[in-house]
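Copied over from TrEMBL, here are the features:
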- C93, C96, C128, C131: Zn(2+) binding site (BINDING)
Amino acid sequence: MENLLTKKNIRVTDFRTSVLEIFLKYKNAISITVIEENLEKYDRITLYRTIKTFLKKGLIHEINVAGESTKLALCGQECMPDNHQHNHLHFHCNQCLNVYCLPIPDPHKVELKNFKIDEYEIIASGTCNNCLNQTNLSS
């Protein structure tokens, strides 16, 4: 746990470790509300500063889905503070509203003449495997 923080040059504190544990607990992207619900005692300003630090250092990334609150997810090992790499699919389940970061076997190479692309985002929506299984069980 502490290794993840130190690899990203983030000073290790009990609070930061607690927040990181929450990200590791969930297999999908989570909202700040979920983080707040999982913390026993916290100061809201400290939480927002911690999130800002994690974003800046490349430990987590934001996912914005229209009509939803911003979700946060752990970055892959390839993310660096000065070069976030999130060229993967974000899948938004229309039933449970979870957002998943999923690898794409052949990520699209996007090149535009006279433009410099720093990052791009692919969002797909539909029904996740958990919701499909629940639907099949109730049929």
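Any Cβ shown, glycine's included, is placed from N, Cα and C.
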Beyond the site residues C93, C96, C128, C131: chain residues whose C-beta lies within 8 Å of the centroid, for Zn(2+): N94, Q95, L97, N98, T127, N129, N130, L132
Binding-site residues: C93, C96 - member with fewest neighbouring CB atoms within 10 Å: C96
Residues near C128 (Zn(2+) binding site) in space but at least six apart in sequence (CB under 8 A): F91, C93, Q95, C96, N98, Y100
For C131 (Zn(2+) binding site): intrachain residues, at least 6 apart, with Cβ closer than 8 Å: C93, Q95, C96
